[in-house]
Amino acid sequence: MRILRGSPALSEFRVNKLLELCRELSLPVTGIYAEFAHFADVTAELDASEVQKLEKLLTYGPTIEEHEPEGLLLLTTPRPGTISPWSSKSTDIAHNCGLDKIARLERGTAFYIERSEELSELQLIELKAILHDRMMEVVFTDFESASALFAVSEPAPYTEVDLLTGGRKALEDANVTLGLALAEDEIDYLLESFTEKLERNPTDIELMMFAQANSEHCRHKIFNADWTIDGVKQEKSLFKMIKNTFEVTPDNVLSAYKDNAAVMTGSEVGRFFPDPETRQYNYHQEKTHILMKVETHNHPTAISPWPGASTGSGGEIRDEGATGIGGKPKAGLVAFSVSNLKIPNFVQPWETDFGKPSRIVTALDIMLEGPLGGAAFNNEFGRPNLLGYFRTYEEKVNSHAGEEVRGYHKPIMLAGGLGNIRDEHVQKKEIPVGASLIVLGGPAMNIGLGGGAASSMDSGSSSEDLDFASVQRENPEMERRCQEVIDRCWQLGDANPIAFIHDVGAGGISNALPELVDDGERGGIFNLRDVPNDEPGMSPLEIWCNESQERYVMAVADKDMATFDAICKRERAPYAVVGKATEERELKLEDSHFDNTPIDMPMDILLGKTPKMHRDAKTLKANNPAIDRSGIEMNEAVDRVLRLPTVAEKTFLITIGDRSVTGLVARDQMVGPWQVPVANCAVTAASYDSYHGEAMSLGERTPVALLDFGASARLAVGEAITNIAATNIGDIKHIKLSANWMSPAGHPGEDAGLYEAVKAVGEELCPALGLTIPVGKDSMSMKTKWEENGEQKEVTSPLSLVITAFARVEDVRKTITPQLRTPDNLEGLGDTSLVLIDLGNGKNRLGATALAQVYKQLGDKPADVDNAAQLKGFYEGVQALVANDQVVAYHDKGDGGLFVTLAEMAFAGHCGVNANIEALGEDTLAALFNEELGAVIQVRNDDLDAVLSTLAANGLEACSHVIGSVEASDELVIKSGESVVIERNRTELRTIWAETTHKMQGLRDNPACADQEHEAKKDNSDPGLNVKLSFDVNEDIAAPFINTGAKPKMAILREQGVNSHVEMAAAFDRAGFEATDIHMSDILTGQAVLEEYNGLVACGGFSYGDVLGAGEGWAKSVLFNDSTRDQFENFFKREDTFSLGVCNGCQMLSNLRDLIPGAEYWPRFVRNESERFEARFSLVEVQKSDSVFFNGMEGSRMPIAVSHGEGRVEVRDNDHLNAIENSGTVALRYVDNHGNPTQQYPNNPNGSPNAITGLTTTDGRVTIMMPHPERVFRTVANSWSPEGWGENGAWMRMFQNARKNIG
């Protein structure tokens, strides 16, 4: 083992946060210094040149002054016996750089602890706990101990459970020790199956496989159970009531209840992808259907939030990719419900500390870490995250089960999304006998063991070690490679080699492989030692049942194996043939190492007629008093509700997630010139050549279930509809729903409540509306139990139904946002009015509202959907208005009620509101804070009569009220008649609304950046995003050259982990280039030669997952490979070529500066000042330079998509910065909304000196930039754009310039 020192690992503010934690724990720590330590496992001694190459490879990241370490050494490393994602990616880079003697690289962090006195044993344990994550790391006290990272253990054998002599007791003991979560009747079933049918003892691996495959998590036993309620046998199971929605309204559903995701009818559009033979990008006109799936990952997120949420998103993405015979994930959502945050020094009046068990983390930690995990996976995979919700609830209430603490100690972590699939690929094919059964993706590791069974238990029912063992680890860059393989397969059309595919999720391959062959009506014979395995010491049970992520299983016919193998090699996606499909429905697993057969059983024992569950439930009704108003004052109520996290601004959850990748995002969360996160729904374009698209929205009103189960379920459906109504869908039958049910099954009253809620939507509301629920998920163990000081405690979740609505969109340009408009920012607007559509019909019920929660109350009667026909009329009326362009702004009424709706619209519009609520009743508190369904729309007064007439025609006349007007002011004034009810300054309210996001950012990110962003929100003079162009955006200067028919050749270059290549190809294609897909593996293997191309673009993403520095690993694979280096150097020297590097490609090309003429002053790009991935829509100004891309654009100011974690320009010193400025190579700078270059965050999202974000060479042929012009080349893909732009956005001009430059 060779040990190499790395760069410092922690910035000053990260060190300060650790020291603060030490002070809180009263540890005598006076200083901390941390640096990376690298460990190389070599197969032979490295020569001097190889050592030099390795040292250069491991020099990356920000240049921080080195520190000669002193103090106590605590070395954190990945757990011995595991291989971290960092290790696998950095080892890949080393091999691609020719360092073949390196078997493996690994990285640790060396902490040097200075202390005022020696640490006691207990203090040392506490210190280690804050320095490492016990889920995946260990702590050593010397470097030599790290050799354990490369130790190889001997394989462990399987064990038998002796039922033949030990009987039922032996199985009961195994149930506990292995954490199988078997029910009593399942124990009986297994006992009978093995002792009477098979007449042998089971192996531990067979029992674990059975437990995973038949867990509540995988088999949904409660939803398939027979029910008796209050002594009356019920006719239908829960699942049958859900399926009733499909029986009543099967319209537009192509696949339901049988695959990894549901499929609905999409649009016919031109899908843009490379031709499988020529690799040239083209449009392919075809039916492009819509995938939809929403998962939960609650249990792992409670134990370890980052990996729990990250693998939750990763698993849902795999579900979409594994639909039919290959789907394409497109846009995601992430949502959370947790208990009260109790932010330090910001604890709110309604937040009581009810305690928690030690095995789970706090709600605050979940929300500091979990969203980062979910965002990081989506970011690195390359899927925009466009939707979410965030609810906090934890209160002692008197509901149907009496007084108890209800809340989300077991959180909800929701991960979902939509994708696309070809018409001919919706249904899976037949598995041929003898087909190869394949595992595609990463290796087996001893992680995530028993996750399916563990998540099926109430939190606290299993041992703590089993809880920790059941959490997985993530490697999104590996999943991206696997998806590229799936993409290449479906792009082959009828020649798609995939016959059958499933993702690997709960239960690992022990669930996925049996499911694969069973669904394909086959059996399978497998060899355990063919499963790719990074931990040779694992037992057969651990190899077969672990939940290592980023894996798919599939069947490929022998005739298609050569095609499949070539695709995998090109994409560098590992795969293994682990078995063959058999005619006999038997499952056999052979182990060549021990020469035995750990599994040999008929499929019908594993997945056959296991005992059916029966639920006997009793109805309990809540009887709670109305809200006590005596302590509620209007202005204080306003402040409290705006601070409730469910209502408050969510920016800290949004800007961490890429919202522009694909270039197909038509509506993200951020709205208008001030980028306020209040969008009603998410919208994507179906293609680059049309305005058809897809939309998704969320609906949930879970606290209502504490008063009325059915109402909570109906409101969830209703809210999803009032949200998605903001876009142009048409017939309601184009909307399909996912229903995610979370319940504390078995808790008093909850089972009957669950049945009532499912019946309310499945048998009643959805059929009445014409809505179908073709997909969903259930999580039936939403309770946390623990013992504290000898007292039994529990926190029980409310029944929680989360509805996600998905829809085909006719025209994405017609999507309406909540941004109020005034004549000064919308030409020809004229006078406007605000209209409230109140589907509560004046009932104004306050039960289980945000208002009730912030006063620690529940109330009696909640909002409800009293009239399904009226809700349908609302949808149809709003759709008519949207289609006719008669709505200026739209916002649904939800958490916080009418007051919050009006406030959020004013925030988005940076304006005032003058409203009068006299028509809503005398009870102004109830009128403003009830959460009945509805919406507020802004309409032109010229259209007002027509709008009211349309609403009346849809049965909404009695509930539609003109309540006020929009004012070009900073005041929110609400009156009732002549009495002023609320008169508040908008900026002041906006600041209060932002406090939660500010506090959370300050705890999680660089607090200086958090403070700057919060201060900026107080600036009422901020003009918002604006545009100043030196050219006509609607002129196509490339058209004359395109008309000649000549198409210059453009190399669209990607490396493993790059994810922005398709939109880049689309931009160059539109400008008249012949865009060709080139993978770095094509260049390294000689399949592609750069000299054939006129232009080269290095695309954005996460090459090698950004290990060894963003873009640096990619660059070093060029620099350290002589033939590849020569090819790039020769290309850059050719005077008839041009090159562009964007984001990751910018970072990569900046590291090739020695090969690029005129780039000698280029800087490096390192970690953002905020130390956080930044996804922003930032204003930049084009500088005077010779860049071929920016010819004629000098002085133009326009917003652009920014998405990076390492975009800060790093210079050696001031002389270097001056040399850059004096060379005339600065091409782009960040500017504030007044047009001035800025260092202020977030206008300068990464802290780059002199606001530099784009550079060119002295001759202008090579340009690099961190922002993403390719994602916003269409107007519709801009989060905000001014009126008057046509199809092309302003950034299309730089691609047209490139074409014009060639002539």
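Heads up, the Cβ atoms here are built off N, Cα and C, so glycines get one too.
In three-state terms derived from DSSP, Gly314 (ATP binding site) belongs to a helical segment. What Swiss-Prot records for Gly308, Ala309, Ser310, Thr311, Gly312, Ser313, Gly314, Gly315, Glu316, Ile317, Arg318, Asp319, Ala679 is ATP binding site.
For Glu719, Asn723, Asp892, the entry in Swiss-Prot reads Mg(2+) binding site. Under the three-state DSSP scheme, Asp892 (Mg(2+) binding site) falls in the strand class.
Long-range contacts of the region 'Disordered' (1003-1023) within the same chain: residues 11, 13, 343-344, 364, 368, 372, 651-652, 673-674, 910, 970, 986-987, 990-991, 994, 1169-1172, 1233-1234, 1240-1243, 1247, each at least 6 residues beyond the stretch ends and with a Cβ under 8 Å from a Cβ of the stretch. According to Swiss-Prot, the region 'Disordered' annotation covers 1003-1023.
Taken from Swiss-Prot, the feature compositional bias 'Basic and acidic residues' applies to 1011-1021.
The feature domain 'Glutamine amidotransferase type-1' is assigned by Swiss-Prot to 1050-1303, with sequence analysis given as support.
Counting every protein chain shown, 32 other Cβ atoms lie within 10 Å of the Cβ of Cys1143 (active site, nucleophile). Swiss-Prot lists Cys1143 with the feature active site, nucleophile, giving sequence analysis as the kind of evidence.
Sequence annotations record features per position, and here Swiss-Prot assigns active site to His1268 (among others). Within 10 Å of the C-beta of His1268 (active site) we count 26 further C-beta atoms, all protein chains included.
Of all Cβ atoms in the protein chains displayed, 30 besides its own lie within 10 Å of the Cβ of Glu1270 (active site). Residues or ranges marked as active site by Swiss-Prot: Glu1270 (among others).
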Do you see any of the recorded positions Glu719, Asn723, Cys1143, His1268, Glu1270 whose C-alpha is within 10 Å of Ala679 (ATP binding site), and which ones? Asn723
Cα nearest His1268 (active site) among recorded positions (Ser310, Asn723, Cys1143) -> Cys1143
Helix, strand or coil for His1268 (active site)? Use DSSP. strand
For the domain 'Glutamine amidotransferase type-1' (1050-1303), the mean pLDDT of the predicted model: 98
Glu1270 (active site) to Arg318 (ATP binding site), Cα to Cα, whole Å, comes out at 26
Going by Cα-Cα distance, which of the recorded positions (Glu719, Asn723, Asp892, Cys1143) sits nearest to Ser310 (ATP binding site)? Cys1143
Return one of helix, strand or coil for Glu719 (Mg(2+) binding site), based on DSSP. helix
If we count other C-beta atoms within 10 Å, could you say which of the binding-site residues Ser310, Asn723 has the fewest? Asn723
Closest of Glu719, Asn723, Asp892, Cys1143 to Gly314 (ATP binding site), Cα positions, recorded positions only: Cys1143
List the residues in the vicinity of the Mg(2+) site, defined as same-chain residues other than Glu719, Asn723, Asp892 with C-beta within 8 angstroms of the site's C-beta centre. Asn680, Ser697, Leu698, Gly699, Gly718, Ala720, Ile721, Thr722, Ile724, Ala725, Lys893, Gly894, Leu933, Ala935
